[in-house]
Amino acid sequence: MGKPIVAIVGRPNVGKSTLFNKLAGKRISIVQDTPGVTRDRIYAEAEWLNYKFTMIDTGGIEPESEDIIVSQMRRQAQIAIEMANVIIFLVDGKEGLAPADKEVAQMLRKSKKPVVLVVNKIDKLKDENNAYEFYNLGIGDPVTISSSQALGLGDMLDRVVEHFKDDESDGEDDERINIAFIGKPNVGKSSLINKLLGEERLIVSDIPGTTRDSIDSYVNTDFGEFTLIDTAGLRRKSKVKEEIERYSVIRTYASIERADVCILMIDATEGISEQDQKIIGYAHDINKAILVIVNKWDLVEKDDKTMDKFKKELKVNLSFMPYAKYLFISAKTGQRVVKVLQTAKECYDNYTKRVKTGVLNDVISQAIMMKEPPIVGTKRLKIYYVTQIGTKPPTFIFFVNDPACIHFSYQRYLENQLRENFDFQGTGIKLEFRERKEK
């Protein structure tokens, strides 16, 4: 499920972050950067040869002493092995083959994940010969690049996307809805999942997830089959070492990538945090269905207006996703727990909803009659027709006289009309505008 993940792995100072930043600098059609992580940009959405994928920078903190190098590289390589579809193994062509390179290569050889060996810092043609010693790693033919000068990146990416063709899913889980539970530690993610499993009593099996800190539980209900993904909680950087936090973030983001529906769990006694906003912002940006659950509602002193007030404050903090659904529960007492999977299924149904073209155009025609498009410059937007081209999320293409004439306020108006008529609560929708010459 989700886009392929490509992890950049290597010992310190081989140029992992330089390569990542070069790729994230829109030199290869980067779709978008992730929100939130300020100093260390961990994820970037990319596209090459019509393949969309997610790049991960697994670069860590520079070790303080030699004895830390091997353990740090082992941790990086292990994480990459667990969650990546393809691994870029980056080595330093100037410094040459190092013992730490051999340590990483040994781990990668044992895995069945495809690895592209990339020799960096080959800035001149005469340096090409420096790549030959890396054949000793037993990883295959190396690709030579200079990340600082953006040389050889196309050849490297060609090799990467070749592996996507061999990594197609067998489709056996296509009918199962993947739900990722995300949020801070101790917010009640595991308690809620255990409650759901205990009440449904239809667990197929428990298997290790794609990351060390997540467990996938399969649940079959009378309204759908679900995979429940329990993720590691995200802590404040002041409470843990930064390098450990980095891996926690990577694992959580990987779980979001796999999910159809992301459930952000918030502690009712603490409210929403900046970290919550960042992580759900990533789910929003890569177009996942979203449900916000406020847990521990039993611990809040309340009257008949408390829930509305709490929800209003949440919507202000999450104003970038006004479509999100909200649910107030207590995993401990079981209050409204029965509604969790039902509400997640509603989000998923809207996430995969298709609207017939005829009905769609009737609604848009009516919307235009009620509110004519504004004049932009000297031209007024003309909408000839609209059609839905995809789901996850629902995506609509408007064929118009000139896409430059669409004003953001009118685009928002059209989106609101679609939402009012077709109920897309719980999911974002995408509107695209293409030129069609008037006959």
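Backbone N, Cα and C atoms are what each Cβ position is placed from, and that goes for glycine too.
Sequence annotations record features per position, and here Swiss-Prot assigns GTP 1 binding site to 10-17, 57-61, 120-123 based on sequence analysis. Note on N13 (GTP 1 binding site): other Cβ atoms within 10 Å of its Cβ, all shown chains, come to 13.
Under the DSSP three-state reduction, T231 (GTP 2 binding site) is assigned to coil, being neither helix nor strand. Annotated GTP 2 binding site per Swiss-Prot: 183-190, 230-234, 295-298, in sequence order.
This prediction places the mean pLDDT of the domain 'EngA-type G 1' (4-168) at 76. Marked as domain 'EngA-type G 1' by Swiss-Prot: 4-168.
Annotated domain 'EngA-type G 2' per Swiss-Prot: 177-352, in sequence order.
Residues or ranges marked as domain 'KH-like' by Swiss-Prot on the basis of sequence analysis: 353-437.
All protein chains included, T58 (GTP 1 binding site) registers 25 other Cβ atoms within 10 Å of its own Cβ.
Counting only the Cα atoms, the space from T231 (GTP 2 binding site) to K16 (GTP 1 binding site) is about 26 angstrom. Sequence-distant contacts (6 or more apart, same chain, Cβ under 8 Å) of G10 (GTP 1 binding site) comprise K16, F89, L90, V91, D101, V104.
Take the CB of K16 (GTP 1 binding site) and look out to 10 A: across all protein chains shown you find 23 other CB atoms.
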